[in-house]
Amino acid sequence: MTAFYKLCGMSMLSLVLADCTFLSANKPYDRDHDGELIVHMKDVNTHKEVGTITISPYIHDGNQEGMLITPHLYNLPANTTHGMHIHINPSCEDNGIAAGGHWDPDNTQKHLGPYNDNGHKGDLPVLVVNADGTATEPVVAPKLNSLEELAGHSLMLHAGGDNYSDKPQPLGGGGARMWCGVIAD
């Protein structure tokens, strides 16, 4: 009888692990045990993955002061900067257009960058790409409070930089949507 229970236990464990593997392979992001969110970034035109961006609480002197955004990206244009934003919708379809506009839960209708509380909450620091086409430099997004509030949105990287203003061009002048990752519920 003991062998029967061991066999049943092993079978159940196999089913659970297989289900977990299936779920993680089909999610656009992963939730780590240490309170991290890993967003898989893809080219909006080719749908080819260019790496991941990890989002985790930024703790300084024992207090949370926003979220730490750590890119692990490759095959990007060398020596460039790119506007980075949280967009409203959890979709990267239609060349990134389905992501909607910048996440603005307070309806400020202002693009003032990541350090001004009077603008879009989805305004993040720019992404800097190294000479070898990788982006690995972490940045802090002080307006973001939790991983949970990011669920149901998307993370977007634009073709150009971001001047954190609506002038001379709206939304920081970042231009076309280039790389996107869904942050699903």
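Note that Cβ sites are derived from N, Cα and C of the backbone, with glycine treated the same way.
The signal peptide feature in Swiss-Prot is assigned to 1-18; the stated evidence is sequence analysis. Annotation comment: Swiss-Prot describes HIS85, HIS87, HIS102, HIS158 as Cu cation binding site. Among the features that Swiss-Prot reports, disulfide bond is placed at CYS92-CYS180, with the record citing similarity to another entry. Taken from Swiss-Prot, the feature Zn(2+) binding site covers HIS102, HIS111, HIS120, ASP123.
Neighbours of HIS120 (Zn(2+) binding site) among the recorded positions CYS92, HIS158, CYS180, defined as a Cα within 10 Å of its Cα, are absent: none qualifies. Mapped onto three states, the DSSP output places ASP123 (Zn(2+) binding site) in strand. When other Cβ atoms within 10 Å of the Cβ of CYS180 (disulfide bond) are tallied across all protein chains shown, the result is 25.
Cα of ASP123 (Zn(2+) binding site) to Cα of HIS85 (Cu cation binding site): a distance of 5 Å. The recorded positions near HIS158 (Cu cation binding site), taking a 10 angstroms Cα-Cα threshold over the set CYS92, HIS111, CYS180, are CYS180. CYS180 (disulfide bond) falls within a strand segment according to DSSP. Neighbour density for CYS92 (disulfide bond): within 10 A of its CB lie 25 other CB atoms from the protein chains shown. Candidates HIS87, CYS92, HIS102, CYS180 (recorded positions) were compared with HIS111 (Zn(2+) binding site); those inside 10 Å Cα-Cα are HIS102.
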